[in-house]
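Read the structure below first, then the notes.
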Amino acid sequence: MEEMLEVVEGKVDWKGRSAFKQKHGGTKSSLLALVTYGFDQMANFALAVNLTTYFNTVMHLELADAANQLTNYMGTCYILSIPMAVLADTCLGRVKTVIISGCLEFLALILLMIQAHYPKLKPPLCNIFDKQSHCETVGGGNAALLYVPLYALAIGNAGIKAALPPHGADQFDEKDPKEAMQISSFFNQLLLGSSLGIAASLTLVVWIQDNKGWDWGFGVSSAAILFGIVMFVAGLPLYRMHIISGSNAIVQVLQVYVAATRNRNLVLPEDPADLYEIERDKEAVMEEDFLPHRNICRFLDKAAIQQTPCRQVETPEASSPWKLCTVTQVENAKVILSMIPIFCCTVNMSLCFAQLQTFSIQQGLTMDTKLTPSFKIPPASLTIIPVFFLIIMAPIYDKILVPFARKFTGIPTGITPLQRVGVGLVLSIISMAVAALVEVKRKGVARDHNMLDATPVLQPLPISTFWLSFQFFIFGIADLFAYVGLLDFFYSEAPKALKSVSTCFLWSSMGMGYFLSTIIVKVVNSATKGITKNGGWLIGNNINRNHLNLFYWLLSILSFINFFIYIFATQKYNYRNHKPAISAIDDSR
């Protein structure tokens, strides 16, 4: 019976034996990955939008400091996905990385729940909005109990982001035309599963945090991640697992940069064929694993020069990989280097989104949050607007807009990934401009009703919090274009060796945006310290007395400048010459 089963090349089962196509992988096992990712998003995303309120009202950090703590946490979550991807590929494997990361998240959330529950583990209750109050800020051992679990949670979250999406893609054989199509479907479903988890987090978990207490909120989050990990572990006998190679594509790219630097004084050969490449007939790899030499970024070619101090050709096997690299490695490094300008221009998107997760939520706390006479919507739940829009518009975009655009452009995807990202960047400019106009109106209402010193939540301004939905709605459209387009760009342009970690390029772009937000807030407060009564545009806990509208205008202007830099960068970028997957599928029929 076993002889009739088809072995999946390069994959094993959970016991290290050969994986069979009829027994392992496929849609059922990928569904478990989707469920796990959805529950992970449910557990974590409420913190991404509501943690500023926790830092501000419970731990008594000033508003700007609370916002910076959140953006530092979010930036860490995304940036750490790169080392976690390296760890998953070289040491632990993706499945173990997911399980260990999930358990770390669970323990961190339990510790945060304990701190939120016991009064002795946090500052005494105090009205931070009363200028006469001298509220104690979290410090000492209690601060350690807050930040250690929080950043342990960031490490766990990074591990899930780095390992779970490629593990889901591992359940399909990219050499099989039918299963290759299912890989694309899996990433679409991953976006949907993520959006559903975020929707649950922004409604259920945020409501529990605001109405039942933060201890209950952390408890529900810990239960969500526990359930997700249990579901994931239950699928162990079904999974196809990639074989740990001991090396990682990102490390190999870094080796090129190091080797090129070390060999900078060597002279390039006139014939690129003299550069080092492994002999194809000695390696059990497909022709597509090799990349041809391109006459760009020639300084990186020095990483592939074979030469000893005696000017004799050295034995490649005896050479350090940090001194001698293959042409294919060098070409991979060239691809990454050429994408860096595009990458840098997309950091601004996360910078803008960080404000919707921090200051916009604090705006909502000052406004009328009544949805009905008996029900109030938590301001943090407003971020569900772009999520719901994403859920609705994603299939409409794929099924209607793409075929329509394809008739005019002749491009299979309707518009190129870089054009799609450009549309998102334009909409982010508009979103920040709208946010500035809404803030002008909100402050005008506060001033006209003599409520500039009103206590948020307890004394809501006579203006509906749904005014904020305009900026969230526009950014939701921007999200659909920019982030999905960016993921498509990184995945389609990355060489085969880098596809499994291509999502990390997106995560790191977002992480840098959050860190940049922290820097800009500090720079703005420092630059405006002597020209405002509060000592800075964003200083203090009273957002009605701050100059948030000017900060939003500043971000809109910076986004406008960034867009023109992006146009210049895209004009210089040349798409790789690779055959689209759809063509390969058609050719196999």
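Quick reminder: no glycine exception, Cβ is built from N, Cα and C everywhere.
Ranges compared are 335-355, 377-397, and TrEMBL records transmembrane segment for 377-397. Panel annotation: around the transmembrane segment (220-239), residues 13-14, 24-25, 28-29, 32-33, 35-40, 42-44, 46-47, 95, 98-99, 102-103, 105-106, 109-110, 113, 167, 170-171, 204-205, 208 of the same chain, lying at least six beyond its termini, place a Cβ under 8 Å from a Cβ of the stretch. When the stretches 31-53, 99-118, 377-397, 418-438 are ranked by Cβ pairs under 8 Å to the transmembrane segment (185-208), first place goes to 31-53. Sequence-distant contacts of the transmembrane segment (503-524) (same chain, six or more residues past either end, CB-CB distance under 8 Å): 64, 67-68, 71-72, 74-82, 85, 158, 161-162, 165-166, 250, 339, 343, 346-355, 358, 483, 486-487, 490-491, 494, 536-538, 551, 554-555. The stretches the transmembrane segment (550-569) and the transmembrane segment (418-438) are in mutual contact, each linked to the other by at least three Cβ pairs under 8 Å (pairs 6 or more apart in sequence). Same-chain residues lying 6 or more positions outside the transmembrane segment (418-438) and placing a CB less than 8 Å from one of its CB atoms are 342, 345-346, 348-349, 352, 355-356, 360, 363, 467-468, 470-471, 474-475, 477-486, 488-489, 549-550, 552-553, 555-556, 559-560, 562-563, 566-567, 570, 573.
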